[in-house]
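Visitor: Submitted below is the structure of interest, expressed as structure tokens.
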Amino acid sequence: MATDMQKLLGTSEEDDDEEMDMDVKEEDDGDRRNRDTRAASGSSNDEFMFQQSMQDQVGTPGGGGSRRSRPLEEKERTKLRERHRRAITARILGGLRRHGNYNLRVRADINDVIAALAREAGWVVLPDGTTFPAKSQGAKPTGGSSAVAAGSSASHIASQQTSTPALRVVSSGRRSPVELSACRMKGVFTPAPSPYDILPTQSPELVGSVNKAEGLVGCSVDVINSKQILEIPPNLTEQDFSGTPYVPVYVMLPLGVINMKCELADRDGLVKHLRILKSIHVDGVKVDCWWGIVEGHSPQEYNWTGYRQLFQMVRDLNLKIQVLMSFHECGGNVGDDVCIPLPHWVAEIGRTNPDIYFTDREGRRNPECLSWGIDKERILRGRTALEVYFDYMRSFRIELAEFLEDGVISMVEIGLGPCGELRYPSCPIKHGWRYPGVGEFQCYDKYLSKSLRKAAESRGHLFWARGPENTGSYNSQPQGTGFFCDGGDYDGLYGRFFLKWYSQVLIDHADQILSLAKLVFDSSCIAAKLPDVHWWYRTASHAAELTAGFYNPSNRDGYAAIASTLKKHGATLSFVSGEVQVLNRPDDFSGALGEPEAVAWQVLNAAWDSDTPVARENSLPCHDRVGYNKMLESVKFRNDPDRRHLSSFAYSRLVPALMEGHNIVEFERFVKKLHGEAVMNHHHHHQQV
């Protein structure tokens, strides 16, 4: 409890036995830390549990040691002191939130405050509390909020932190789907990839109320500033992007901008922020249209009220909108600060027929989105999944037609899987996955199993009608498995048959939904979102890509077929990556043999070869010059003889910190460079609207 944490800062007036309690607590915490670290390295526990135990269990029975029984009077006195302290703490937190630009979570305790102040003073505070001066450690990860520094508990991160002899600016490409988004929710760091599932121990308060705090939507572990992320090299050369092609800039709106009743959550705050964005010449905003909100209560009853009001506001300010048809849940991914499940009526069907969800080999279900196995199965109250998606898109097209017809909506992104991305949910945190595990195949619901059996029959090998046995588990490394190791079964006859089928299911799903989307949205620009699965890219099998559905081992191009499917429907490829996130990385990507820039180039070239337009989206907020410069390199290709460029860039995400002081000035510079305008190198003040 926060109060017990505050006791750790006990004043001199505390009596001896309180001090004794404190010592015992610290001892217990040490034991617990060792225990949890051991568990984490064995993948049976996780960083989140560790932090929860640090924050929540300090004062629980067993955490306080042998407490002497105290007279009633003394207990009352202690209670009063605690109340007094809590009131002071609340006022300090309130002041810091209001005036100090500190995004403190709702239930912030003294540790959060000390950490925020220490970072402000230029210290590095890692999630486990290790603190050291930024300057003294040179290339040590600096900034508890950057994805690289934050994951100190997992062993793979430990290896990251020891090498790096000098500062390196390296692209990360979204360390894994989780990791980058992983750090978005304050106080919850999980050391790795895709925004996935909420951990079983996640307290509902954290999911539901972080947003209520101060609208801290999607904010990173701490407000990132250049002091915290790294020391900017004195010889940082600024590239001149003036005269380069104009790339439109969109800012992603907070996840909870529309509430569960489909109303605008904070109209006035939003108008204010939109005006500021307009004043620095941002082209538009990007927003999720959540299936769980719009068709939440009963089939084919749609409520678009809040979205209509939002689009009207955006149009009045002469901005444009990119929308995402979000057929996945929000709140299952680390980084989500609101909870928007799949529609209630779908969850009811799932209770009696859990095979509508993706399922792993052990039979664990993932209710984040629907399995592609039911695309053509008439089990959703008389409709197939494809019909449900089609009806939803058609309702949007009819109800919000004016915004499509007058061009206010410039792009409609179609959600194709978890996080809206075209991939299997192969790395779910809630099932214990941690970066850089290879993940697991997700084809064990009865509908996908039936499809695999059919494919095996048609090849005349009925014994192939099963998933591979020797793929290890979520946190295996390729060389530790018979399937993914060099020369492993992935490249044998059965392996190639299985992977071809598994990846074809993904391509067929994209093909079918995009053809329906093209029907609905006709001349409007549609898009599909692809993740950056870069870990194990430099091994022969590309294991993490295989489990995610991209059949891209070193002897095969797994992205060309996807790009040509998009091309067939005139869809843009929206690539999600985190170019800035990991600025201090050892060359081998902490042993995971990843190569984000290589993955990005392979995907971009697959798109360009098929003449498919490319948009890009970053996966974590960044507010500093070095990070923005890194993003610019991934958007503007200075040395490309064909002067190819992206069709748009979506910045994640609109948080209050972006709107303040120096941050908005830096963001304005970034927007100008994306627009190809000349940028003055001296700082200037920006008048907020």
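Glycine residues also receive a Cβ, built from the backbone N, Cα and C atoms like all the rest.
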Visitor: TrEMBL lists region 'Disordered' for one of the ranges 134-171, 172-209; which is that range?
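Guide: In TrEMBL, residues 134-171 carry the label region 'Disordered'.
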Visitor: Taking the Cβ of E617 (active site, proton acceptor) as the centre, how many other Cβ atoms fall within a 10 Å radius?
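Guide: Total other Cβ atoms inside 10 Å, all chains included: 23.
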Visitor: For the compositional bias 'Basic and acidic residues' (70-79), give the DSSP counts of helix residues, strand residues and coil residues.
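Guide: Split by secondary structure, the compositional bias 'Basic and acidic residues' (70-79) comes out as 8 helix, 0 strand, 2 coil.
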